[in-house]
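As annotated in Swiss-Prot:
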- C68-C293: disulfide bond (DISULFID)
- C80-C92: disulfide bond (DISULFID)
- C113-C155: disulfide bond (DISULFID)
- C297-C321: disulfide bond (DISULFID)
- C489-C493: disulfide bond (DISULFID)
- N24: N-linked glycosylation site (CARBOHYD)
- N38: N-linked glycosylation site (CARBOHYD)
- N54: N-linked glycosylation site (CARBOHYD)
- N97: N-linked glycosylation site (CARBOHYD)
- N181: N-linked glycosylation site (CARBOHYD)
- N301: N-linked glycosylation site (CARBOHYD)
- N499: N-linked glycosylation site (CARBOHYD)
- C555: S-palmitoyl cysteine (LIPID)
- C562: S-palmitoyl cysteine (LIPID)
- C565: S-palmitoyl cysteine (LIPID)
- 1-16: signal peptide (SIGNAL)
- 17-530: topological domain 'Extracellular' (TOPO_DOM)
- 552-566: topological domain 'Cytoplasmic' (TOPO_DOM)
- 531-551: transmembrane segment (TRANSMEM)
Amino acid sequence: MKTIIALSYIFCLVLGQDFPGNDNSTATLCLGHHAVPNGTLVKTITNDQIEVTNATELVQSSSTGKICNNPHRILDGIDCTLIDALLGDPHCDGFQNETWDLFVERSKAFSNCYPYDVPDYASLRSLVASSGTLEFISEGFTWTGVTQNGGSNACKRGPDSGFFSRLNWLYKSGSTYPVLNVTMPNNDNFDKLYIWGVHHPSTDQEQTSLYVQASGRVTVSTKRSQQTIIPNIGSRPWVRGLSSRISIYWTIVKPGDILVINSNGNLIAPRGYFKMRTGKSSIMRSDAPIGTCISECITPNGSIPNDKPFQNVNKITYGACPKYVKQNTLKLATGMRNVPEKQTRGLFGAIAGFIENGWEGMIDGWYGFRHQNSEGTGQAADLKSTQAAIDQINGKLNRVIEKTNEKFHQIEKEFSEVEGRIQDLEKYVEDTKIDLWSYNAELLVALENQHTIDLTDSEMNKLFEKTRRQLRENAEDMGNGCFKIYHKCDNACIGSIRNGTYDHDVYRDEALNNRFQIKGVELKSGYKDWILWISFAISCFLLCVVLLGFIMWACQKGNIRCNICI
């Protein structure tokens, strides 16, 4: 019984132990940083996955689904290709003299006139698209001895046979087709684009019935170039009831140069010229609808915001667009390293500093203080260190965007079948560029993330060192981001430490005196729980021993009888 009384006395002493923060003559001050229950994983140079409190996605992975009509002027081709609009296909007459920043060709576009081919289709399409206009000026060509304005039932304009409005089909007059030799100087100060063609009859009979001569020839020259085309007579696959074809060619006449056209048959003559302009207009194949909205960047999938530095929506873009990369996601850290707060801290609910874990619920700052003193507990943010970190992180996203946003458009690359090797080379170059940019993007983000985490850790350490220098020997570093203050420190005192007005000398004597009065052995908080549980276990064991001894004594005296049956 004496043993039990002694153990109970020890247990009470343990419970009455003077723990840090419970003594009115001391206080505990901890420094910590913001934490969230579920952070975001980012990549750094040294770590493939590190959790931070906040991060911003840098890759735009979706479009609006529509092409915005502002600030770029969008011209919807509807059912016309750009070349059909250029030639003057009857169903494309509405595009005459139109202008655009971006011409949108649709998959449903079709030709509805005389069947033709353009040997250098991609180059002509690109040239006209970049000019951004179909402005056409008629000129007074003189074609003597031939019939003009030929037409075909395959190219009806209303109920009548027609032809391309920008071309003039010449054929024999009576039974003659004289040699034509026409010149047209360029006396203006801009480039002129002339579109002309050569007719390829399907039979020799068709050739002579239209042009008299068994074989025609067309030569178009300038001071810088010359093209001579001999018609290829022969049947071709039937298109819109015709097995003959027209080949479309084009010539650019510079200022001061002269256009010379010579032919003895098969000439599809120009009616004038297109005024060429230099600019950044372009063309794009897309079936996305055109909507009333604002977006600087357009892809075939639709417009996309350009508030992110990277995108993986489409390689083809127009406008000021994010750089295309292969990655679906790249996250830029805009917060500090995240260490979620431990939910339980032993029997006494002790507070802990940044070395052990972060603090959840700090909504007014990234860094702050928690304290325990005679007036209770409290928490406050340190706005100065928070602002110092935010100021350095702010603008990081904008700087990355400035480094990566393209101020030009990436157009479609088209090549004819005979340029297959060039197309393969172009594809290889483009794929290599994308690989390099994807690698550079990942490296850039990893470097920025490393800098952000190091920066926020540095600000935490600066705040801790600033507090240490204020307290000096008036407090002891507890090794977990906390200080044990050896003098009475009420809320006003704690506030002076936070705002940097703490006077070390005022509390020096009291702190030194309290240090010497501390008990010889101060149990660390980690061992208190162990001692309590061990004391409790020993007490229970001794109680069981006493109870068992009492039962055996009672049985021996006959007060209790125990029968064991087998």
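Any Cβ shown, glycine's included, is placed from N, Cα and C.
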So, in DSSP terms, is N499 (N-linked glycosylation site) helix, strand, or coil?
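Its secondary structure by DSSP: helix.
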How does the model score the topological domain 'Cytoplasmic' (552-566) in terms of mean pLDDT?
64
Three states by DSSP: which one describes C493 (disulfide bond)?
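Looking at the DSSP assignment, C493 (disulfide bond) belongs to a helix.
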Could you check which of the recorded positions (N38, C92, C113, N181) sits closest to C555 (S-palmitoyl cysteine), going Cα to Cα?
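Smallest Cα separation from C555 (S-palmitoyl cysteine) among N38, C92, C113, N181: N38.
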Quick one: of the recorded positions N38, C293, C297, N301, C321, which has its CA closest to the CA of C113 (disulfide bond)?
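Nearest in space to C113 (disulfide bond), counting only the recorded positions, is N301.
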Please identify, among the recorded positions C68, N97, C297, N499, the one with the smallest Cα-Cα distance to C489 (disulfide bond).
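Nearest listed residue in space: N499.
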Can you tell me which of the recorded positions C68, N97, C293, N499 is spatially closest to N38 (N-linked glycosylation site)? Compare CA atoms only.
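Considering only the listed recorded positions, the nearest one is N499.
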What does DSSP call C321 (disulfide bond) in the simple three-state scheme?
strand
Of all the disulfide-bonded residues here, C68, C489, which one's CB has the most other CB atoms within 10 A?
C489
Out of C68, C80, N301, which of these recorded positions is nearest N97 (N-linked glycosylation site) by C-alpha distance?
C80
Rounded to a whole number, how many Å is the Cα of C493 (disulfide bond) away from the Cα of N301 (N-linked glycosylation site)?
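Approximately 62 Å lies between the Cα of C493 (disulfide bond) and that of N301 (N-linked glycosylation site).
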Give the residue from the disulfide-bonded residues C113, C321 that has the most other Cβ atoms within 10 Å of its Cβ, counting over every protein chain displayed.
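Result of the Cβ crowding comparison: C321.
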Is N54 (N-linked glycosylation site) helix, strand or coil when read with DSSP?
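In three-state terms, N54 (N-linked glycosylation site) counts as coil.
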What kind of secondary structure is C555 (S-palmitoyl cysteine) part of, going by DSSP in three states?
helix
If I restrict to non-local contacts, at least six residues apart, and a C-beta distance under 8 angstroms, what lies near N499 (N-linked glycosylation site) in its own chain?
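Long-range Cβ contacts: none.
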In whole Å, how far does the CA atom of C68 (disulfide bond) lie from that of N301 (N-linked glycosylation site)?
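Between the alpha carbons of C68 (disulfide bond) and N301 (N-linked glycosylation site) there are 11 Å.
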